[in-house]
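In what follows, a structure is listed as structure tokens, so that the remarks can point back to it.
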């Protein structure tokens with residue numbers, strides 16, 4: 001990571017600590033209990049947060065096989081995909097954004113993948129996630145993208161909770177890059 005990237009990461013971690021992180025007992029989407037909650041949207045949806053995640057995640061794409069689009073997993077991954085897509089355009093390597101829905105709506109386009117009109121069969125796509133816990137929602141998004149014709153090349157997470165999710169995704173054959181981990185918020189405190 002470049003010096004500029006390191007300072008961007010430090011600022012993003014500070015923003016996440018300030019706006020998104022709460023140390024309290026919660027039940028997560030996975031059904032697991034946790035001693036902390038991180039609502040990344042509270043940081044990502046600020047102008048600065050949007051710029052920081054766009055830059056850092058675009059840079060992190062360099063650790064994955066080359067992609068031609070980025071896909072955000074509903075809901076937290078959607079602003080990430082938009083931020084990276086905008087950054088990619090500004091840096092001269094435009095990548096369209098896709099949004100992967102959790103389920104088809106019963107009205108409108110009834111699509112599982114929004115933005116799919118530009119999706120060519122076999123197109124390499126990187127998935128962007130806000131938080132990885134078990135990896136379950138990410139792996140479901142992988143299947144939805146594959147059904148839509150994409151070739152998923154890897155996953156970039158804003159936060160890896162270090163609870164086995166990244167390992168589950170890697171076990172499915174996909175590389176995972178995390179911008180931050182639980183250690184950025186709770187140093188030397190293993191999950192559980």
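In case you wondered, yes, glycine gets a Cβ from its N, Cα and C as well.
Here's what Swiss-Prot has on this protein:
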{"type": "BINDING", "residues": "101, 102, 105, 107, 129, 130, 131, 132, 133, 134, 135, 136, 137", "note": "5-phospho-alpha-D-ribose 1-diphosphate binding site"}
{"type": "BINDING", "residues": "133, 161", "note": "orotate binding site"}
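Taking the features listed in Swiss-Prot, we show where each one sits on the structure.
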residue : record                                              : Cβ contacts under 8 Å, 6 or more apart
101     : 5-phospho-alpha-D-ribose 1-diphosphate binding site : 74, 111, 112, 113, 114, 144
105     : 5-phospho-alpha-D-ribose 1-diphosphate binding site : none
129     : 5-phospho-alpha-D-ribose 1-diphosphate binding site : 73, 76, 77, 80, 137, 138, 155, 156, 157, 158
131     : 5-phospho-alpha-D-ribose 1-diphosphate binding site : 38, 40, 76, 157, 158, 159, 160, 161
133     : 5-phospho-alpha-D-ribose 1-diphosphate binding site : 28, 29, 30, 32, 34, 161, 163, 165
135     : 5-phospho-alpha-D-ribose 1-diphosphate binding site : 164, 165, 166, 167, 168, 169, 172
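In the three-state DSSP reading, residue 129 (5-phospho-alpha-D-ribose 1-diphosphate binding site) counts as strand. Minimal Cβ crowding within 10 Å, among the binding-site residues 137, 161, is found at 137. Under DSSP, residue 137 (5-phospho-alpha-D-ribose 1-diphosphate binding site) is assigned to a helix (H, G or I) in the three-state scheme.
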